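J.: First the structure, then my questions, so here it is.
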Amino acid sequence: DRQTLVAVLQFLRRSNLRESEEILRREARLLGDDLGGSVATVATSSPGVAAIAAVPPGKGEARGDCGVGPSSRREPREVGSPCAARSLGASSPSSKITNSGDVIGGAVVVEDQPDVSAVLSAYNQQGDPTLYEEYYSGLKHFIECSLDCHRAELSQLFYPLFVHMYLELVYNQHESEAKSFFERFHGDQECYYQDDLRVLSSLTKKEHMKGNETMLDFRTSKFVLRISRDSYQLLKRHLQEKQNNQIWNIVQEHLYIDIFDGMPRSKQQIDAMVGSLAGEAKREANKAKVFFGLLKEPEFDVPLDDEDEEGENEEGKPKKKKPKKDNVGSKSKKQDPNAPPQNRIPLPELKDSDKLDKVMNMKEAARRVRLGPECLPSICFYTFLNAYQGLTAVDITDDSSMIVGGFADSTVRVWSVTPKKLRSVKTAADLSLIDKESDDVLERIMDEKTASELKILYGHSGPVYGTSFSPDRNYLLSCSEDGTVRLWSLQTFTCLVGYKGHNYPVWDTQFSPYGYYFVSGGHDRVARLWATDHYQPLRIFAGHLADVTSTRFHPNSNYIATGSADRTIRLWDVLNGNCVRIFTGHKGPIHSLAFSPNGRFLATGATDGRVLLWDIGHGLMVGELKGHTDTIYALRFSRDGEILASGSMDNTVRLWDAVKAFEDLETDDFTTATGHINLPENSQDLLLGTYMTKSTPVVHLHFTRRNLLLAAGAYSSQ
C-alpha cells in the first residue's frame, strides 16, 4: 500500500541508498519529489514497517554489476536485472514510464503512453561498437556448435538479440557499424521475420527511432522466449565464461525467459509456436479458467420438442448446435459443467419475435443434413460482379434471407436473396391510419411502394471494412476507415447511431450471438465492446501490439476473440476485460476467426495461409491445416461442428474434417505445463475437398440452418 511504500522510500533516502530508491520509485510509478510532508510522520511512526520492507530493494547486493559474476546465484524465473536503473523503458508495458504526469493528492498519475525518449534511453549503454559483430558471431558459433537438443531452443535468441544490438548501435549513432552488422546477420534470421526486418532496415538514424511504432513495441514489451532449464544454464555459463556483458545485459533487460523443467523442445515444436511480434506467450498468460461451455436454452413450448438451440446467432455462425443429432427430442436440460453462470453477464430478454424465430430455427434444424467425410455440403457461391467500387466486407443473416456488402466507395448495400423483397416501414402519417388490433398488422405497416431487391445505405466517409447483421435481423452494423461504427435499421433502412470511439480505421465489427452487445477492432490496437443503447464503449480491450484485424464473439457471449497484425490471437473476458488467453504461432496478420459450435475450440486463419486450431480450455494449439496458398479471409464451422470450411484469396474453398481434427487430443498435464505440443502432420488426411472459383477470392462463408454452405466474393478480372 502507499503508506508502506512511502515509508520504505524515506528509509532508503536516509540510508543514502539512492539507486535502490530510484528503482523502487520507478517500479511504483512515483515520480519526482512528491512525497509530501505528511509522509515523514508515517515513516517515523512505523519504523518497524520501514525496516522490514526495506529488505527487498537491496537484495541484489551486487548493485553495480549486472550479476554476471559468481555473486549472482539467484535463478529468477524472469531474468530480472538489478541494473534496471539504467534502463528507463525496459520495464514491461504495465509500467511504462513518462516524464509527464499530474499530481493528484500527492500521487503521480503516470500516463500509459511510453514516453519515447524514456523508452529509447535504455540504449544509452556504450559497448564498444566495433565488437558487436564479434559478440554476436561468438554467440552464434557457440549455439551452432551446441548439442542438437539445445541448439533449436537457443537459436530463438538470434532474432531478439539481433534487433536489440542493431537498435543499440543506431541509437548511439554508430551508423556504419549498424549497417554492416545488419548486412552481415540479417540473412540468418527466420523467414517469418522478413517483414519486421524490412521495417528495421529503414531505421538507420537515431531520429528515425522516435516515431516508429514497431520500434517502441519491441522496446516496451519484453520479447518472450520459452527455454528449458538445461539450455538456459548452458547459455548462462557460456556468457559468464566469455565475460560477454553486452549480450548478457540485453538478455537481462529486454528478454523474458520463461524457464520450464523437462526435455528441451524440438525445432518443429518451437517453429509451430513462435513468430509473433513479442515472441511466445508466457505460460502464465494461458492459466486462467475459461468458461467455454454453452448457456442453457430458455424453455418454451414448441411444436417440435427440440430446444437444444443456442441464441439466435448472427452471420450463421456455427453456434447453437448440438454435437450429436440422434435423439432429437431427448436433450437433457442439465447445465454444461464448463458453462458460465447464466447471469454472469446481463443478456437481453427474448422477445416474442425471437421465440417465433427459434421455433422456425428448430423446424429447420430437424431437416438439417448430417455432414461428414461421406456427406459433404453443397456450396452455393454468391459472386459480386462489376464490383468496381471494391467489395471489402460481406455478411449473411442467420436465416440466410439477406446478404450485405461493404464497399470501398463507402456504401453499404443490402440484398434480399429470397423472393421476398426488402420493404421500409410506412410514414408516420400512414401508420396512424392502420388498425393496430388486426392480425396482419406487421404486414400492413410495410410500404409496398418501397419494395426492392437492393437497398443502398449512405453515411460512411471511407471504405467499409466490416458488416454484421443482428441476430433478430432488425439491425445492421458497419465499420469503416472513417473511424466510426454505424448502426442501421433494417425496418427503415436509415442510420440510427454512429459510434465514435476509434480515432483510426475500424477493421472489423460483430454482433453478439444474443444481440444487444457488439465488438469492434481497429488500427488503434484495441478492441471495444459496445451496447447498442450506449454511445460510449462498455469495455476497452488493450494489449495487442498492432492493429486488431478481426473480432469474434464466443457462442456463450462471455468472451471475445481478437486477431491482430502482431500475429497473435487474444481471448478477452467480457465481464472484467481481462485477457485470458494469448495464442502465438501464426507467421502473419490474423484475418479470420471461428469458434466451434460447442464452444471448446477456436480456428484461426492468417496471411501465412495456415489454419491453426486451438483448445480454449487448455490454452493449447492442437492442429495445423496446411493447403491454402494465400491469406485466409473466411472460416466457418458447420452447424453441428463436423466440418470446418475455409475460404482464401487463392480463390478456393476448402473443407476439413473437424471431428477427426479434434479427436484423441493429447492435452495431458505435462503438455499443458511445458507447451510441448506434438502437431500431427495430417493436413492431407483432414482435407475433404478443395473447390476452385474461376477468379473470385473468397471473402465470406456461411452455413445455412440446414447445412448448405454459402460463399461470397467479388470477381476479379486479372
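Each Cβ is built from the backbone N, Cα and C atoms, and glycine gets one as well.
What TrEMBL lists as region 'Disordered' is 60-97, 302-354. Look at TrEMBL and you will find 127-255 tagged as domain 'TFIID subunit TAF5 NTD2'. Here TrEMBL flags 302-313 as compositional bias 'Acidic residues'. According to TrEMBL, the compositional bias 'Basic and acidic residues' annotation covers 325-336. According to TrEMBL, the feature repeat 'WD' maps to 384-425, 457-492, 499-530, 541-582, 583-616, 625-657.
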J.: Count the residues of the domain 'TFIID subunit TAF5 NTD2' (127-255) that DSSP assigns to helix (H, G, I), to strand (E, B) and to coil, and report the three numbers in that order.
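T.: DSSP classes over the domain 'TFIID subunit TAF5 NTD2' (127-255) add up to 101 helix, 7 strand, 21 coil.
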J.: Tell me, what is the mean pLDDT of the domain 'TFIID subunit TAF5 NTD2' (127-255)?
T.: 83
J.: Taking 384-425, 457-492, 499-530 as candidates, which has the most Cβ pairs under 8 Å with the repeat 'WD' (541-582)?
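T.: When the Cβ pairs under 8 Å are tallied, 499-530 comes out ahead.
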J.: Hey, which bits of the same chain come close to the repeat 'WD' (499-530), Cβ under 8 Å, at least six residues off its ends?
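T.: Non-local partners: 310-315, 317, 319-320, 347-348, 462, 465-472, 475, 477-487, 536-542, 544-553, 555, 557, 560, 562, 564, 572, 574.
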J.: In the repeat 'WD' (583-616), how many residues does DSSP assign to helix, to strand and to coil?
T.: 0 helix, 20 strand, 14 coil
J.: Under DSSP, the repeat 'WD' (625-657) has how many residues in helix, strand and coil?
T.: 0 helix, 20 strand, 13 coil
